[in-house]
There are 4 protein chains.
Amino acid sequence: MDFNIRDIQLAEWGRKELDMAEKEMPGLMAVRKEYGPQKPLNGVRISGSLHMTVQTAVLIETLAELGADVRWASCNIFSTQDHAAAAVVVGPPRLGGTPEDPRGVPVFAWKGETLEEYWDCTLQALSFPGNSEAAGAGATGEAGTASASVIGPQLIVDDGGDATLLVHKGFELEQGSDWVDSPSESSEEEIIKNLLKQVHQQDSSRWQRVTADLHGVSEETTTGVHRLKRMAAEGSLLFPAINVNDSVTKSKFDNLYGCRESLVDGIKRATDVMTAGKVAVVCGFGDVGKGSAQSLRGMGARVIVTEIDPICALQAAMEGYEVKTLEEVVAQGDIFVTCTGNRDIITIEHMRAMKDEAIVCNIGHFDNEIQVTRLEQEPGISHIEIKPQVDKYVFADGHSVILLANGRLVNLGCATGHPSFVMSASFTNQALAQIDLWKNRDSYAKQVYVLSKKLDEEVARLHLDKLGVSLTRLTPEQADYIGVTTDGPYKDDTYRY
Amino acid sequence: MDFNIRDIQLAEWGRKELDMAEKEMPGLMAVRKEYGPQKPLNGVRISGSLHMTVQTAVLIETLAELGADVRWASCNIFSTQDHAAAAVVVGPPRLGGTPEDPRGVPVFAWKGETLEEYWDCTLQALSFPGNSEAAGAGATGEAGTASASVIGPQLIVDDGGDATLLVHKGFELEQGSDWVDSPSESSEEEIIKNLLKQVHQQDSSRWQRVTADLHGVSEETTTGVHRLKRMAAEGSLLFPAINVNDSVTKSKFDNLYGCRESLVDGIKRATDVMTAGKVAVVCGFGDVGKGSAQSLRGMGARVIVTEIDPICALQAAMEGYEVKTLEEVVAQGDIFVTCTGNRDIITIEHMRAMKDEAIVCNIGHFDNEIQVTRLEQEPGISHIEIKPQVDKYVFADGHSVILLANGRLVNLGCATGHPSFVMSASFTNQALAQIDLWKNRDSYAKQVYVLSKKLDEEVARLHLDKLGVSLTRLTPEQADYIGVTTDGPYKDDTYRY
Amino acid sequence: MDFNIRDIQLAEWGRKELDMAEKEMPGLMAVRKEYGPQKPLNGVRISGSLHMTVQTAVLIETLAELGADVRWASCNIFSTQDHAAAAVVVGPPRLGGTPEDPRGVPVFAWKGETLEEYWDCTLQALSFPGNSEAAGAGATGEAGTASASVIGPQLIVDDGGDATLLVHKGFELEQGSDWVDSPSESSEEEIIKNLLKQVHQQDSSRWQRVTADLHGVSEETTTGVHRLKRMAAEGSLLFPAINVNDSVTKSKFDNLYGCRESLVDGIKRATDVMTAGKVAVVCGFGDVGKGSAQSLRGMGARVIVTEIDPICALQAAMEGYEVKTLEEVVAQGDIFVTCTGNRDIITIEHMRAMKDEAIVCNIGHFDNEIQVTRLEQEPGISHIEIKPQVDKYVFADGHSVILLANGRLVNLGCATGHPSFVMSASFTNQALAQIDLWKNRDSYAKQVYVLSKKLDEEVARLHLDKLGVSLTRLTPEQADYIGVTTDGPYKDDTYRY
Amino acid sequence: MDFNIRDIQLAEWGRKELDMAEKEMPGLMAVRKEYGPQKPLNGVRISGSLHMTVQTAVLIETLAELGADVRWASCNIFSTQDHAAAAVVVGPPRLGGTPEDPRGVPVFAWKGETLEEYWDCTLQALSFPGNSEAAGAGATGEAGTASASVIGPQLIVDDGGDATLLVHKGFELEQGSDWVDSPSESSEEEIIKNLLKQVHQQDSSRWQRVTADLHGVSEETTTGVHRLKRMAAEGSLLFPAINVNDSVTKSKFDNLYGCRESLVDGIKRATDVMTAGKVAVVCGFGDVGKGSAQSLRGMGARVIVTEIDPICALQAAMEGYEVKTLEEVVAQGDIFVTCTGNRDIITIEHMRAMKDEAIVCNIGHFDNEIQVTRLEQEPGISHIEIKPQVDKYVFADGHSVILLANGRLVNLGCATGHPSFVMSASFTNQALAQIDLWKNRDSYAKQVYVLSKKLDEEVARLHLDKLGVSLTRLTPEQADYIGVTTDGPYKDDTYRY
């Protein structure tokens, strides 16, 4: 690992932030309290591929407290908070770990990885020492990635699906797929292929062994769920999946309220720009777009929305946003934000037509919403790094665009991601999903599931006290009148909130 | 009918308002344009039970333009706009009708019906002349309700389920049910029973004949859908039903944005009260509650929310609303609004504990959210009518509450309901549902259905031009990347918007 | 008077509304309580020219309770609420008045006056019976307007300056001015001239007598203050004036928060139009414009602002509004609102270029912000009255505009004006100004004054309890630190709030 | 200076940020363009005491471009951005400076000064080399502070009044004041006294010489203006002052819109806390409080306001905020923000009563709004530094508060202060004030002035193009109608905006 694990100050700072975050994450704390004594994940090997932030650290230590044997990587090259990683590796004070003798959870992540490092870290997180000895702390980096004694996770926590992808592509290679030798669309794809080939060379049955003992993945994002559903539809999904993203307490909270808090935060830390009076163009009006638009307007920007879906477009219009195509407004915008989950939303042609010093960023999961590669490679465009994660690209005509976080998630690349409280809701879903996947591992098929409405409501309930909310209780007569029980669930599965 | 159908001015005014409303209802106009020539509902008998407003008038004339033989009642004793009713009865100018010789659609509704009149009107709307002659205009009121020659509708447009209820209870009576002789919970229930007994006495097979030829209902509201689902679950539903309420373009538009516009409108027309600075208590944070809370806050009120569902409660907290039980805040509130779909939300005990001149109103479908009957009947409470639909109840200790619209829908009782544009979305769903029910009458079972996502998106699409929205079009590559076609539908059925 | 004073129901309804309004007007009630016993205006003749609404009724009865002999007219042909006028004329219950034997204050106003009637009413309000007998109730209408025994007011409450104008122009005529024979810019100007000539013919020294005993005017509006300042600057002002408009508790409350509540109310009662999704163009971003823009946005409109003042324009931009010239956006707007205090803001040329069925209205004081006269008179434009105060003008090309309240104040013409609570702040300033003008009548010069900061703060303080506000009290150390006393005033006179 | 001036990377980064900021500061750029060629401040010695940020750097270089000989200190120990300071010292590229051979403006400021260093820096900024040689770059620190050859500024740019204070107290000491020997209220006061005594010992006529040639100060803040007005009232003010704070384009923009952007920014960078759902208590509802409350609500917090002024309290209530005393709500708040300009707003007793981990911060000018000294000194309270500017104080009962920026300006201590665009308005006022003070130095008395309305409007106008605003132009008829010229000024001096 590239952050200095032996930097005691980094770990100590991280620990203090974890202490603060725990008080903002009542859902995870309740899970620890309720399930900690029973250890429902006792000895279960869990690999995580999810932004290595302070909040994730609280999730990791919650899984550890439930008994799991956890290894972790980030799912984004910029999103790691090194002090959080250090704190997790050293471990909570009761374990008595030190930087020299870490006793926490191995973490393979640091802020500013190269893509090669990124995929190598993902692999490391998926690689548990094959004998009964516990895996060493991440700092040592010794968990071999190719030895035949290496074993894999029994459960995966995924965010965007990279860990799941690696397992599937590795398995397919062992089954004879020639994907690794096909032409690549991007340099990242090439890196993945090379890594898989290297693993295959050293151990040609590794992924078969891994998948044989892999009982499920819980996936965090819209994007990752989309991949999973496609695989399930094709019949190629190798293990059950719980779609955490579509818990109401995830997608309608983290995506919406999380982005409302973290988008402007990221833009401000990167550029200190005045939001008021600016024209902000938000591409996509899903949950992420809704939160993004609201926060920009809240700060005084005039927001224009682009949409492909007539229903979402009509919603945007009802909220008073102008709805146009990007082509129509590209010359007006001061700030552009992509949040579509789709590719090539802001093309090089769009950027050519923008105002001087227009700010361009993405808060969707993947970095292909903006054509960053073309920006980097087209002749006649010069590059100036203002500071890390803030880059100016100057076009031949002299105008420039300011690209944030290299087109990756701006809230994680330029700030610290969603705040703890809303991540507590998301991660309580993750923790409950992991428990559920393990407990019911024999009954789940290789399909994509969601958590029950009952659990979803429970996640919400765990977060109310912290906010001083008093919940009204139905009388039996009222419950009967609307055909529910007094304890819920209170809504149909199709209810939209 | 109690509005003076011979008042030419009333009909003319109504016609002018219909002309204006048509320009605000692009979805219905598009339906007329696309389907009008084909007459897909040619000769189909349709009974409507839905607030007889200007907007509904445009729906009625749309159904008529599709060929249907329509009869209509309101679904609320206060919600009729008499000029709209008059205009519909007289008919559009091209028919050349006059108040003396009406050529429009028979309407049985006026503002301020008694409950007896209300249910009688509902029955009239369900009663078509049994021979082949077209039913006369409503003004004549001659459509016999008991003659054996009377026949029933082939389709129903329902709002809250009263028309559906009458048919079902009538049918059950003919099947031997003794419900009509059981004790009643309310005076309204007693009225229904008496009406059914009277019909039964005159024609004991009427409802069997009616249901034999009844091919479906499209239901407008959460409340009505709830009734339908219960019947479907019990196996007692007598015909297929399309749940229009759960089209995204209905529940996420009309319930939310409609109430955002019409709640404060109703309160203001009734009381002229200053909203800013007031404490407003909104009971229920579903779509209606969300819209209501937003409008009150938008005008400067401090909004407190009550909720039973932890997820909705957490949403309210995330929007910065205080969330408490009604008991905790009953003494603080200046304005109370119920929007739960449940009963006994504001009890007489709550009203006893309120501030002097607290305003109490309901925007949920039924009038049992507030205990109006107890308010009227408890000893020691005196009543002063300020003006129609605005009543002051004075308690023995001298404090009073101001009750709006007798506890019925305040936006329809004290103002004119949702505005045309948002009703266009809802009613375009209704029109499409009626076409669909008829066209596919042989394939639907006695279950509750929703319209397809494709149609839902189409409804939205029809409303974009009017607002100057430019929709972005997916490239084939982008469509493929997210696994949809370029023409949609763009989302899973579970997507929450 | 044209409202049927003998309609006991009208007066009774008015009385009920006054009872409710009194509870929303704590400032005026506090004035009654504090000053009522002392009768500081005992026998003082006060003429009012101010919208005859329920709220004004509470002001009128407050002045009466302070001992004044009051006569009243409205300052707008559409703004009278007839039931409020009736209630004031009959008088509060303790006086035992009836429609046949009214014992309240004479009021000369009804909804829908002609301009001749309007100016005649203004004159009546300025005409007190010359002997010591109290003027009869307005209903009798007998207060002669021309008899030499007629005397004038000692104080004026003015709104827009029409009463003040009449006195000044009359006085100037007696001094030899030939203004009454000069060409008129409008038909209204002609009416005023004719009225003055008629008075002059009957009594050529009337206005000299009146002004000799006239000790001051308190003026309500920006527009009226502007007129007063101009006269003071020219040296033509005949008596002292208190500029009530520039009390913070007036202009920053009534203009801003009052319009925020009443603009959309007026538009909705007139048109029932959906605000969400519409493009609303607000001309002028002063206090009235700020409130108007906020309310339209709050309901989901996209608001575009026009401004001439770069500071106000920059404020609008900082709030996220698009700021353009009317020419640039005239074809985009669905709703146009003028609030500039200036003339010819929306010209006939603008209206020619608008969308079909664009809604055009004014919330500035005078009706010359929109070129209504040209709309009425230009050839090729036809007129359809939708309902009172809602008129459609159809241009030769077939497109039409919907004009509200004939271009007069839309909130008063189409709804009931600002709500009671905010008017309580404004009118408490009026009441205090009247007391002050009388008490200090010997020390005031013929200039324009404002109330002291101390009184301004007191007006605010009287309105806090009703809203449950707890005010923090400075410690002596804190007061000293910022150089004020613990009781205030707390700010410099230049502080902008 | 403590930032490493020889760190070429720091200066280069600063220069890139200055380049970006210049494009966001159109007012200052226009001043450079218009006045740069004339050099109206040619050779004028200007001392600045104002937060040494990127934006201030653009102001400094603007003054330099107008010909001035500038020296600068920050006015807050935490507010310096070291890269901005470095860039200013090295100077703009056209001067060819390097860290080794700086050719910019001497700056005496770094992030995290001690109070001794702070006051020493202020003195250095006031100390120009007495001979004709230009002062060396700040990095060398050689500008003697005590040599008799030292001379002072001819103009001061002040923020909070510390530079002005030092000159006045030094002058008074030379006049025989014994203030320096009086007991001190704070350790900071002691430090000032010691510094003055030391200077006095070395050069007992220094301040007399300085004031003899000092022609004025332009002051940035409410707090500093308050000090100036008090001195002017007492007759002790030694030179003319321009109150820049009360330009509309300063106090109604920077205070309001600046804080709306930077308060949450500061809190987030410090704590990453979720704002939504939290209870935020804003003490003071002046311009700063209004902006602060709006931004917190915009992010979903429930905001409670405390106020002493009934007018501001009523404004807060009208915006829907709960208004209470701090005592009433201290146990409910999650986040506390002071913005009163007064002292002892949040006392140690308040903090004792807060929730665990309540966040406490200040956005008023001085750090005495929160009783930080007592927090540091009371027995039984332990201190944990989470990270720089984020401190946890743990009370004996175990609950803690999180104090940001040591109670100093949280937006400058924990983030980068107001964004460039709004500071451009403020600083354009500063630049114009400096030009004005110098140009009219013979006509100004020792009083406090504001810039003319005309200049105020001009400042606004310079910022419109950048935002795409089109300003409407009055016709001559319209201008005449409202009694202004078509070029403005458009409002009375008392207009409140």
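Yeah, the Cβs are placed from backbone N, Cα and C, and that goes for glycine too.
Keep in mind that TrEMBL annotations are predicted by a computer and have not been checked by a curator.
Note that the coordinates shown come from a computational prediction; the quantities given were computed from them, not determined experimentally.
Cross-referencing D:E24, D:E188, D:E220 with the substrate binding residues that TrEMBL gives (D:T53, D:D159, D:K250, D:D254) picks out D:E220. Cβ packing within 10 Å was compared across the binding-site residues D:D159, D:E307, and the lowest neighbour count falls to D:D159. Taking Cα separation as the measure, D:T221 (NAD(+) binding site) is nearest to D:D159 of the binding-site residues D:T53, D:D159, D:K250, D:D254.
Under DSSP, D:K250 (substrate binding site) is assigned to a helix (H, G or I) in the three-state scheme. With a threshold of 8 Å between Cβ atoms, the binding-site residues D:K250, D:N255, D:E307, D:H418 that neighbour chain C are D:E307. For D:G364 (NAD(+) binding site), none of the binding-site residues have C-alpha atoms inside a 10 Å radius of its own C-alpha, out of D:T53, D:D159, D:E220, D:K250, D:D254.
Calculated from their C-alpha atoms, the gap between D:D254 (substrate binding site) and D:H418 (NAD(+) binding site) amounts to 7 Å. Between the alpha carbons (Cα) of D:K250 (substrate binding site) and D:H418 (NAD(+) binding site) lies a span of roughly 12 Å. Pairwise Cα distances among D:T53, D:D159, D:E220, D:K250, D:D254, the recorded substrate-binding residues, top out at 17 Å. On a Cα basis, D:D159 (substrate binding site) lies 19 Å away from D:G289 (NAD(+) binding site). Taking the Cβ of D:T53 (substrate binding site) as reference, residues of its chain lying under 8 Å away and at least six apart in sequence are, in sequence order, D:S79, D:T80, D:Q81, D:A84, D:L412, D:T416, D:G417, D:M423. All chains included, 30 other C-beta atoms sit within 10 angstroms of the C-beta of D:K250 (substrate binding site).
Taking the domain 'S-adenosyl-L-homocysteine hydrolase NAD binding' (D:255-417) as a whole, pLDDT averages 97 in the prediction. By the criterion of other Cβ atoms within 10 Å of the residue's own Cβ, the least surrounded of the binding-site residues D:G286, D:G289, D:G364 is D:G286.
In the three-state DSSP assignment, the secondary structure recorded for D:G289 (NAD(+) binding site) is helix. Across the structure, D:D159 (substrate binding site) and D:N255 (NAD(+) binding site) place their CA atoms 13 angstrom apart.
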